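**Student:** Sequence annotations record features per position, and here Swiss-Prot assigns active site, charge relay system to HIS129, ASP159, SER243. Per Swiss-Prot, domain 'PDZ' is recorded for 283-383. Taken from Swiss-Prot, the feature transmembrane segment covers 22-42.
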Amino acid sequence: MVDYEREEEHTTPEQPKRSKKGYFLSSLIGVIVGAVLMAFIMPYLSNEGLDTGALDQQQNNNGRESIRTVNVSVNNAVTKIVSNMSPAVVGVVNIQKSDIWGESGEAGSGSGVIYKKNDHSAYVVTNHHVIEGASQIEISLKDGSRVSADLVGSDQLMDLAVLRVKSDKIKAVADFGNSDKVKSGEPVIAIGNPLGLEFAGSVTQGVISGTERAIPVDSNGDGQPDWNAEVLQTDAAINPGNSGGALLNMDGKVIGINSMKIAESAVEGIGLSIPSKLVIPVIEDLERYGKVKRPFLGIEMKSLSDIASYHWDETLKLPKNVTNGAVVMGVDAFSPAGKAGLKELDVITEFDGYKVNDIVDLRKRLYQKKVGDRVKVKFYRGGKEKSVDIKLSSADQLGS
C-alpha cells in the first residue's frame, strides 16, 4: 500500500495597502507633536544660551550680528546716600615749607567733612594728624577745585581739627547722627580719599563690627599709652587717605569721623571711626575757644605698673596690698592738685569714688568731669592713705 504525503500550502495573508491619506495623517501628527515639544523646550534652551534661532534673529540683512542695549536700574539706598553726601566730603591738603628757601609743597592729604555753613563761612572737621605741621591748608571740592582753609583749632588727644573756608562754593552740608544708637551688624558707608586725591570720593560699604572699642593712644609721645580712644569698629575699607572722612548710617547721617586703620599681615584691615557723640562736643569747643577745654589736675603721672617693683617698697613705702595706681612724678604748685596739697611720689589709688588702676583709668575719669567740679582723691604717701578734695579747673586758668 502506498502512502502519499500531502503537502500543505502555507500562504501569508496579504497585507492591506495603506492609502496616501494615512501617510499624510501620520506625518501631520508627527509634525504637530514635534512643534509642541519644541515650543515647550525652546525657552529652556534659550536660557542656557543654545537658542540658535534667537541668534539668527539678531542678525541683520548683511549677516552681521546686531547689539542690543539693555537698561538696568541700579538706584538703591546706597547710591542715593552717596549722591547726596559726596559733595560734603572733601579732600584736605597739608602744605608745608619743604626747604631752607621757603618753598612750599604738599606734605600729605586726607579727608574732611563739611558739617556747618552760614552766609560767610563753612566749617570742615578732619583729623588732627592730617593737618599737623601745616603752614598752609587747602580744601579740594568734589568738582576738583581748591579753596584755601584756615585752622580754627585742633585737639591731639581726640585727633580732631576744625577748618574754616568761604561758603560761596560749598554745595552740601552733612548732618550728624546719634552714634549711641549704632548696633553691631548695622550697615554703614565710608566716603573719603584713600591713598590721596587721585581716588577722591571713593565709597566703601560694610557693617559695624563693634562699638565702644578702646584703642590705646600715646598722647605725649613717650612710648607709653596714656589714653584710650573710644572708637567704632567697621569692616568698611578705610585707608590712610580716608582719615577725616565720613562714616555714614543708612539714613545718610554722619555717625563717625574715620581716623585710624589697624592692619596686620595675617588679618584683614580693621577700620576705626571716632563716634559722633564724642566728635560734636570737641568741635563745638574748637569753634568757640580754638581748643578743647578739659578739666585738669596739673600733675605729671606714671602708672605704678611701669615703676620697678623694688621701688614700691623702698621708695614709695606702699603696703603689700597696693599694686595699682598712678604715681605723681611732678606737680605744678598753682594747679588744682598743687593747691590741694598733692606732692611728688604720691600714689593716687582712687578718684571720685572709682579705683585707679593706671594713668589711663585716671584720665578717663578726669575727662568725664567738668571744669569747676569738685572731686575726692585718695592716695598713699609714705605708706599712709590720705585723701583731699580738689576743685577742677582748665589749663588756661593756671595761676588764677
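Note that Cβ sites are derived from N, Cα and C of the backbone, with glycine treated the same way.
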**Student:** Once the DSSP letters are reduced so that anything not helix or strand counts as coil, what is ASP159 (active site, charge relay system)?
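**Tutor:** Going by the DSSP assignment, ASP159 (active site, charge relay system) belongs to neither helix nor strand, so it counts as coil.
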**Student:** Rounded to a whole angstrom, what is the C-alpha distance between SER243 (active site, charge relay system) and HIS129 (active site, charge relay system)?
**Tutor:** 9
**Student:** Take the C-alpha atoms of ASP159 (active site, charge relay system) and HIS129 (active site, charge relay system) and report the distance between them in angstrom, rounded.
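**Tutor:** With distance taken Cα to Cα, HIS129 (active site, charge relay system) is 6 Å from ASP159 (active site, charge relay system).
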**Student:** Any same-chain residues 6+ apart from HIS129 (active site, charge relay system) with CB under 8 Å of its CB? Would you list them in sequence order, or say none?
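**Tutor:** In sequence order, ASP159, SER243 meet the Cβ cut-off.
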**Student:** Looking only at Cβ atoms, how many others are within 10 Å of the one on SER243 (active site, charge relay system)?
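**Tutor:** Its Cβ shell of radius 10 Å holds 27 other Cβ atoms.
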**Student:** For the domain 'PDZ' (283-383), give the DSSP counts of helix residues, strand residues and coil residues.
**Tutor:** 30 helix, 28 strand, 43 coil
**Student:** Under DSSP, is HIS129 (active site, charge relay system) part of a helix or a strand, or is it coil?
**Tutor:** helix
